[in-house]
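Chemist: Features from TrEMBL:
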type: DOMAIN; residues: 1-120; note: domain 'C2'
type: DOMAIN; residues: 132-258; note: domain 'C2'
Amino acid sequence: MLGKPENSNLYFQETKVQYYIHVQSNPMVVVYSKKNDGALEEIGRTEVILNSLNPSWNAKINLQYQFEVLQQLVFQIYDIDPQFHDVSEKMLKLEEQQFLGEAICLLSDVVTKQNRLLNIKLGVSEHNLPNPSKFGELTVQADESAGSKALMEMVFRCSDLEIKDLLSKSDPFLLISRISENGMPVPICKTEVRKNDLNPKWKPVILNLQQIGSKENPLVIECFNFSSNGKHDLVGKIVKSVAELENMYHSQNGENFFVPANTAHDCHSKEVLKSQVYVEKYFENNRHTFLDYISAGCQLNLMVAIDYTASNGNPRLPDSLHYIDPNGRPNAYQRVILEFGDILQYYDPAKRFPSWGYGARPIDGPVSHCFNLNGSAYQPEVEGIQGIMSAYISALRNVSLAGPTLFGPLISTATAIASQSLISNQQKYFILLIVTDGVVTDFQETIDAIIKASDFPLSIVVVGVGGADFKEMEFLDPNKGERLESSTGRVASRDVIQFAPMKDVHGAGISIVQSLLAEIPGQFMTYMRTRETQAIS
């Protein structure tokens, strides 16, 4: 049995494993998670089935699903010697047992299948065993634990916040983050900004176990004073699990904010403030989860847009962001595309990705702010991630880098595709990845396009590459700015866009790519709730 979900966190408790063999044996399955360095980490073992040709195991192996990372699973099957049948499965020494074969898959391969059931051919890996065709087939099924469907709605309020602005009271908002396995905070939810308010009460916050992992996992709840330049001042924070927040609601007791003490010699000390946070409302119910929709056939479709403005530099020179290394080392654009594509491609069975360029002048034409990378006049789709990479390189040879940097036409084009999909009643949700080396110049057009996009099955992720100052781009990210407002005064129906600079992607801790992808399931579910789309077969 498997399981794991998001920031995207879900739990698969029931993973039925069946294995068909051609000799009488006493098989047991050992399940491993394969890490980036190739190391195997054991996550569970099934029971031993005695004298079976077609065993079916009932053991439940818990695994938390994470949408934003590739989770490779390795299933190794052993024939347990009869002399060890009185020994607990956990205590068995595998080197003393006969290896029967192994199967490898990604967890995303399982959860995207109907009924979350996957058949995998067994092989032998590095084990030197004859006749691999005789090893049969393994069937893996993943089910979510009942608790992972729980949805928590909370209303937060604060009292006696510290005044941060010189000429007015503070403009506070809350940012809620889960803590990743390496200890780094990953934002999962943000409240609106309350203007000029030292005792704010925010609109309801909705969390699910796909975001937090479990009700016992700690969450970081930070209160910031909003600043239009994106450099928000920390007012204070608390660290509480959802279970503790529920207790705060029942007791109606507040929790004092704290801030890390400004002392170089003690990084663990903190200053407790008089400001307090309260949970004024706590409500819990069950709804369809992200994986309910995915396993029912809803697809996530990647779209890619690449910056071909002149500020990238001459692609023929090594200092250009578009330089194609003859040794095969990917440039910044290629790295971003590969990292996103490696995750998202498994949620799109057709693997046909609309791909555009912008800010360049095609041969014998004016500057275009949305042209098909493949050179087609009508069809923007390419085949697979390698198709994107090939079209990207081909376009470099066939356009002249120009400018300026405009996002409005790209977002409008992507929205039109999402709109047509909705009209056609297709089960699709789109993720538009825009990679840029500079700041947009069509701010208002971009904002208007984003707000229109919020009504459709679309999320937008913008990644900045190169050394430009991207501070002005933070208005795009709802975790760093206020809710966007159109030129007609309309606000977005939901948060659909995120921005982050590439320079943080390969830093310490969780990568920016993973952090950005981690918010997709939440945006997806917000759209589904907004549309009241819960018709899952």
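Every residue, even glycine, has its Cβ placed from backbone N, Cα and C.
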Chemist: Would you report the average pLDDT that the model assigns to the domain 'C2' (132-258)?
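Modeler: Result for the domain 'C2' (132-258): average pLDDT 85.
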Chemist: Counting each residue once, how many in the domain 'C2' (132-258) are helix, strand and coil under DSSP?
Modeler: 22 helix, 57 strand, 48 coil
Chemist: So how many of the residues in the domain 'C2' (1-120) end up helix, strand or coil by DSSP?
Modeler: 17 helix, 52 strand, 51 coil
